[in-house]
2 protein chains.
Amino acid sequence: MEDYGRFLALLVSALLVGFVSVIFSLVWVFHYREGLSWDGSPREFNWHPVLMITGFVFIQGIAIIVYRLPWTWKCSKLLMKFIHAGLNTIAMILAIVSMVAVFEYHNARNIPNMYSLHSWIGLTAVIFYSLQLFLGFAVFLLPFAPVTLRAALMPIHVYSGLTIFATVIATALMGITEKLIFSLKNPAYSASPPEATFVNCLGLLLVIYGALILWMASRPHWKRPPEENVKVLRPIGGTPEGTEAESTMTDGSNADKSDLRVTSEAARKQNLKFDEAGQRSTM
Amino acid sequence: MEDYGRFLALLVSALLVGFVSVIFSLVWVFHYREGLSWDGSPREFNWHPVLMITGFVFIQGIAIIVYRLPWTWKCSKLLMKFIHAGLNTIAMILAIVSMVAVFEYHNARNIPNMYSLHSWIGLTAVIFYSLQLFLGFAVFLLPFAPVTLRAALMPIHVYSGLTIFATVIATALMGITEKLIFSLKNPAYSASPPEATFVNCLGLLLVIYGALILWMASRPHWKRPPEENVKVLRPIGGTPEGTEAESTMTDGSNADKSDLRVTSEAARKQNLKFDEAGQRSTM
């Protein structure tokens, strides 16, 4: 792997920033707020930031870059797909539990649901994330979809994944803003009490985490190496894993390796066409 | 250009959504708020959302995709760089005026500055945007930087540009959240008065605009075609425009075209290495 040291440094930084964000969310609810419980009180609400930051931000971020870990490249693609789908499913479940906590808290206190921009964009993100998970499972994990369909959907899958991830972080920042304004009364948010400064720092950490994940996910030279080209060009019906055309947001970095393997000009053209369409699923 | 019709449809959609966002910001301040003026009153504050949405969101988005407009491909790269830098400079100026409006309004009313997460992340985005503009000008527009430096910095320039753009939209969403909570008192934001629903829709439009720009900016087959490879491989010192190694977030889609032009294996290897490093500046 090119720049292995730099990749490792970024990975450790991302894991550290993500982990510290989760710790910050726990310190926020336990030190500055009332802690956690499931009884319709503000303590039930507190599950919302903790589970969203843990699941929908931290775990989703890891799910995005899991194909890029070089020590997984010897593992089968199918295993990695299960890990990718599994992490995203865990993130999804935590996000749903986290939403239930807010709805129950609102209902117990007669606070209206779904009035804020945070709730509108957050729910939209959860709906798109569910669709992404369902379509990803049906098209890329189950062995039924033809190569052409996988090839056509992969760039959309990658783009949607990164865009949803960025939108989730934006939604978390709106949620932090809302919560600080609503809960800090004496002193108010504008007086910058310690809780305000601390939670603002949590917001900054989330932005840094997002930026690190997006950098790692969009470097072409850190992609999982493609399967043998002969497999990419093989018609539908082969072994499910490895037969699909593959893609990333940053496609084409392996064009030189491809050139060494294909012999006929027609095959080369087709291969490069696959490259252009963005069909390597190494995200 | 591949999928010209689809590109055009997306471009028209993005321009429409961006334009409607600007109109929405004007309707917000003129219909629901007190309008615009420069006198320390809430009317001075109102310049903030209008100028940020016009400059820092709409114009910045256009600056990002300006290289991708196929009818500009016959224009010189230098001219396009001036347009790209010019649009970003306009966006920067509007963002600064917009910040001055808020500081003056806060100072006139004795409201503290820089306490919110919105202000922290917003100011960080403006600082990084200034750095990006300065470095972009020094490295890619002035003719002094060597090809190797341009090649090394281009992927960072592209990534930073897209990340700052996404961060700016996230900051706008936080700003909308803040403003609606602070200004809607009777009825409150939670009672969903017409202004709340209207401005929430503005927030959704900003997310859609961002998503459209990021899609157009990250499709490899919509890149401005590279200059002749002989220019890419020419040593430092030729005509400034076209001599630098070039890059995008989604690099490598022109590998086949490159293959047809280079003759020696060494040149081919070097060219593919340039491709891998992500060095085509067609964003």
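Every residue, even glycine, has its Cβ placed from backbone N, Cα and C.
Residues or ranges marked as transmembrane segment by TrEMBL: B:7-30 (among others).
The average pLDDT computed over the domain 'Cytochrome b561' (B:13-218) stands at 98. According to TrEMBL, the feature domain 'Cytochrome b561' maps to B:13-218.
As annotated by TrEMBL, transmembrane segment applies to B:50-70 (among others). Sequence-distant neighbours of the transmembrane segment (B:50-70) (same chain, 6+ residues past either end, Cβ-Cβ under 8 Å): 1, 4, 7, 11, 14-15, 18-19, 21-22, 24-26, 29, 36, 80, 83-84, 87-88, 90-95, 97-98, 101, 129, 161-162, 165, 168-169, 172, 175, 202, 206, 209-210, 213, 216-217, 222-224, 281-283.
Per TrEMBL, transmembrane segment is recorded for B:82-103 (among others). Residues of the same chain lying 6 or more positions beyond the ends of the transmembrane segment (B:82-103) and with a Cβ under 8 Å from any Cβ of it are 38, 44-48, 50-52, 54-56, 59-60, 62-63, 66-67, 72, 113, 122-123, 126, 129-130, 132-133, 136-137, 141.
For B:123-144 (among others), the entry in TrEMBL reads transmembrane segment.
Below 8 angstroms of C-beta separation, residues 48-49, 52-53, 56-57, 60-61, 64, 116-118, 121-122, 124-125, 128-129, 132, 135-136, 139-140, 199-200, 202-203, 206-207, 209-210, 213-214, 217-218, 247-249, 278, 281, 283 of the same chain, each at least six residues beyond the ends of the transmembrane segment (B:156-176), sit close to that stretch. Residues or ranges marked as transmembrane segment by TrEMBL: B:156-176 (among others).
When Cβ-Cβ distances below 8 Å are used as the criterion, the transmembrane segment (B:196-217) is approached by residues 7, 10-11, 13-14, 17-18, 20-21, 24-25, 27-28, 32, 53, 57-58, 61, 64-65, 68, 162, 165-166, 169, 172-173, 176, 179-180, 184, 189, 249, 283 of the same chain, each at least six residues removed from its ends. Per TrEMBL, transmembrane segment is recorded for B:196-217 (among others).
Residues or ranges marked as region 'Disordered' by TrEMBL: B:232-283.
Under the heading compositional bias 'Basic and acidic residues', TrEMBL lists B:254-283.
Packing against the transmembrane segment (B:7-30) from elsewhere in the chain are residues 1, 36, 43, 46, 49-50, 53-54, 57-58, 61-62, 65, 68-70, 195, 198-199, 201-202, 205-206, 208-209, 212-213, 215-216, 222: each is 6 or more residues past its ends and has a CB under 8 Å from a CB in it.
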